Amino acid sequence: MIILAIESSCDETSAAVLVDSEMRSNVIAAQLIHEQYGGVVPELASRAHQQHIWPVVERALADAKVTKTDVSAIAFTRGPGLLGSLLVGASFAKALALGLRVPLIEVNHMQAHVLAHFIDDPDRPEKPQFPFLCLTVSGGHTQIVRVDGPLDMHVIGQTMDDAVGEAFDKSAKLLGLPYPGGPLIDKYAAEGNPLAYRFPMSEMPDFNFSFSGIKTAILYFLRQQTKENPDFIQQNLPDICASIQHTLVQMLLTKLKRAVRETGIQQIAVAGGVSANRGLRTALSQLGQEQGWSVFIPRFDYCTDNAAMIAMAAKFKYEQGDFTDQTVSPLPRMSF
Ligand code: KG4
Ligand code: ZN
């Protein structure tokens, strides 16, 4: 079984090749063009996908030492994501599957983030046992997912407004940092005091989250401080970043703790771009140790968007003969 997978839901063009259970390649082309605009510009993202997709696929095949005629199935991200971006990957995958006369597999991007935990990795031999809870945190989503099987997942809590990745990026923008600001907050936070400043944590019912309030609180806080000292941000960047990160991480972990308490499930995974955050990784490991949970944290390159996770999700579908046909079209909003 050789699966060629394509991911193009946002601003990363990626292709991966899975041979049986070995992830042979995972090529990711980032789009730097968005940096200067402070966020992803959808039209520019789809154009960049068009430029990158063929070279990225060729590299993925070459790195995996296979040719396109060896491929058993083509997988692609159907959604959720930006329509124009998804269209490039979907059209490419459909055309290639038609030309090669191989089956086509559609993958839900958020399910794939969760299933990245099942990619074989000698450094991470342990895999989560079903049922497990996955805190799925990215630029567009913040969810607590109950995972009963590879393709049997239910969102039991989610954000009511901004995603936590968006909260990281928007806070970074207020600090004058370029897009995507999440990794930069992480970087500066490493040298700062997480308790230097306090920001309010909004309370939502059940297992749901809200991150729009903290963004406004940070805005007012920075306005006040820079009025008194125009160099406040430059002089205190590590402490500000550490305090923002600490607040966001605590908001996530408070809800996760509640979900564990109420479901009784103690197998805990984290997935999505924000799971690359070192503050979250450390705090979750510590909490897991204290509480006696089994905690699963992905490798850095499987946290942010990548086609390896699409290939992994597709493998489960391939084994069940769950294929799609040429009438399939992308779904910018796609639930599971
Ligand atoms: O999963 P992902 O690559 O794309 C989406 O599906 O959205 O997640 C991207 C998000 C961005 O908001 C980015 O700032 C955030 O993940 N992110 C981080 C870190 N690395 C990526 N946020 C905080 N700390 C990081 N180290
Ligand atoms: Zn993602």
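Using N, Cα and C of the backbone, Cβ positions are placed for all residues, glycine too.
Summarising the annotation, TrEMBL assigns domain 'Gcp-like' to 23-311. The feature Fe cation binding site is assigned by TrEMBL to His109, His113, Asp305. Annotated substrate binding site per TrEMBL: Thr136, Val137, Ser138, Gly139, Gly140, Asp169, Gly182, Asp186, Asn277, in sequence order.
Using a 10 Å Cα-Cα cut-off around Thr136 (substrate binding site), the binding-site residues His109, His113, Asp305 reduce to His113. For His109 (Fe cation binding site), the same-chain residues lying six or more positions away in sequence with a CB closer than 8 A to its CB are Glu7, Ser9, Thr77, Gly79, Pro80, Gly81, Asp305, Ile310, Met334. With a cut-off of 8 Å between CB atoms and residues at least 6 apart in sequence, the same chain places Gly139, Gly165, Phe168, Asp169, Ala172, Gly273, Val274, Ala276, Asn277 near Gly182 (substrate binding site), listed in sequence order. Proximity to ligand 2 (Cβ under 6 Å from any of its atoms) holds for these binding-site residues out of Thr136, Gly140, Gly182, Asn277, Asp305: Asp305. In sequence order, Met110, His113, Ala163, Gly165, Gly272, Gly273, Val274 are the residues of the chain that are 6 or more apart from Ser138 (substrate binding site) and have a CB within less than 8 Å of its CB. Only Ser138, Gly182, Asp305, of the binding-site residues Thr136, Ser138, Gly182, Asp305, place a Cβ under 6 Å from an atom of ligand 1. Each of Glu7, Ser9, Thr77, Met110, Ala112, Ser138, Gly272, Gly273, Asn306, Met309, Ile310 belongs to the same chain as His109, His113, Asp305, is absent from that list, and has a C-beta within 8 angstroms of the C-beta centroid marking the Fe cation site.
Counting every protein chain shown, 26 other Cβ atoms lie within 10 Å of the Cβ of Asn277 (substrate binding site). For Gly140 (substrate binding site), the same-chain residues that are 6 or more apart in sequence and have a Cβ closer than 8 Å to its Cβ are Cys10, Pro80, Gly81, Ala163, Gly165, Glu166. The binding-site residues listed here are His113, Thr136; among them, His113 has the most other Cβ atoms within 10 Å of its own Cβ.
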